[in-house]
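Working notes, beginning with the structure itself.
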Amino acid sequence: MMNGFSIANVQGYEIIDSRGNLTVRARVTLESGIRATGDAPSGASKGTREAVELRDKDGSVKGAVDSINYYISPALMGLDVREQGKIDRIMIELDGTENKSRLGANATIATSIAVAKTASISMGLEPFMYIGGARTHTLPVPLLNILNGGLHAGNMLKIQEFMVIPVKFDTLKEALIASTKIYKTLKSLVTERYGKIYTALGDEGGISPPLSVTEDALKLVHEAIKRSGMEGRVFMGMDAAASDFYNPEKGVYEIDNTSKSPDEMIEFYVDIASRYPLLYLEDPFEENDFSRYSELQSRIKNVIVTGDDLFTTNVRYLRKGIEMKSARGVIVKANQIGTLTETIQFFDLAKDNSIKTVVSHRSGETEDSFIADLAVGLNSDFIKTGAPSRGERTSKYNRLLEIENEFGLEYLGRRL
């Protein structure tokens, strides 16, 4: 029976992301006329176990758009938009593959997000309230990627992200103001040493100076923290994205103009953690090396070793990581698995096992701020959404500030 919550139509179409690539937008319209959209982000550094992003040979996403218009829309017509789990299960069954390779995870996640946003509007709820239900909501700590390397930049750094983490602050606003001060200080440092031309931004809004050695990047970020007067309040983080510089034929990591064995990489990270205020380390090894993750985490207990490519937002791999005690943290990327329902199942499994959670963007983003609501709705410990620059990044931070201003939620920084 049709009612005001019934889905009348789902339309897919192509839009442009922050890297100038085409991506998928889905728009869900209800019989009542209420409608909302969801966008599919896209990563540059991808785990091999991620759900499949359908992309045509010419770079378009027409195949994924067709999946929405010719398969997903008819299957969802007439369903109650509030039944997120049922809708996501229908898309999973309609796809029929383990990795969303028939419909495309970019088609299913765009639709899943659009369904959630439309449902929240129809119920008169903020998206984070709709997602989280009765959970007590808090504001996550941002991991701000202020210096870019790896596949996100045009320099020779192998480590992909160098982050600042504003912990010892009472509000998110204070934390972000401190972070923007550090970001501007870093820009000034790079200008002083290399010239203004080298303050060009990477894919995620971070600065990309002409560096090739990890230590030089760490020194720059640490000096920016100290010059800003934030030492002891703001910590450091890295996303190595180590699968991208691992040579499987030789079994070595090609970094800093040399080759390191997996055991040498452990000592490399242990040394960094002993000399810098390192709180967070993501993807330190290639995506299949669960045992080295475990060994490193046991060596640097105060650092949150975090798996992204290791787990790819998939409960099967997270269960393995839990069994092997591979990591204290997990990245949560909805497009890696393809529906919000599966994303939340992964998130809850991590939380149930006292693992820190990081709701994350991708390097190819849009201005859609949905992941800010997702992070707040799920009570994520952290959110990762780039530097405090570029509109597709600041839209998420500004949504968090809007939530803080309107609802007065607690900032998690001092609880970590």
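Quick reminder: no glycine exception, Cβ is built from N, Cα and C everywhere.
According to Swiss-Prot, the residue from Asp239, Asp244, Asp348 that belongs to the Mg(2+) site alongside Glu282, Asp308 is Asp239.
Listed by Swiss-Prot as binding (2R)-2-phosphoglycerate are Gln160, Arg362, Ser363, Lys384; the candidate from Lys184, Lys187, Lys196, Lys333 that the record includes in that site is Lys333. In sequence order, Glu161, Gly237, Met238, Asp239, Ala240, Ala241, Val305, Thr306, Gly307, Asp308, Gly329, Ile331, Val358 are the residues near Glu282 (Mg(2+) binding site), counting only same-chain partners six or more apart with C-beta under 8 A.
Taking CA atoms as the reference points, Lys333 ((2R)-2-phosphoglycerate binding site) and Glu204 (active site, proton donor) are 15 Å apart. Around the Cβ of Glu204 (active site, proton donor), the number of neighbouring Cβ atoms within 10 Å comes to 29. Around the Cβ of Lys384 ((2R)-2-phosphoglycerate binding site), the same chain contributes Pro142, Leu143, Asn145, Met163, Ile331, Val358, Val359, Ser360, His361, each under 8 angstroms and 6 or more positions distant in sequence. Counting every protein chain shown, 27 other Cβ atoms lie within 10 Å of the Cβ of Asp239 (Mg(2+) binding site). In the shown protein chains, 29 other C-beta atoms lie within 10 A of the C-beta of Asp308 (Mg(2+) binding site).
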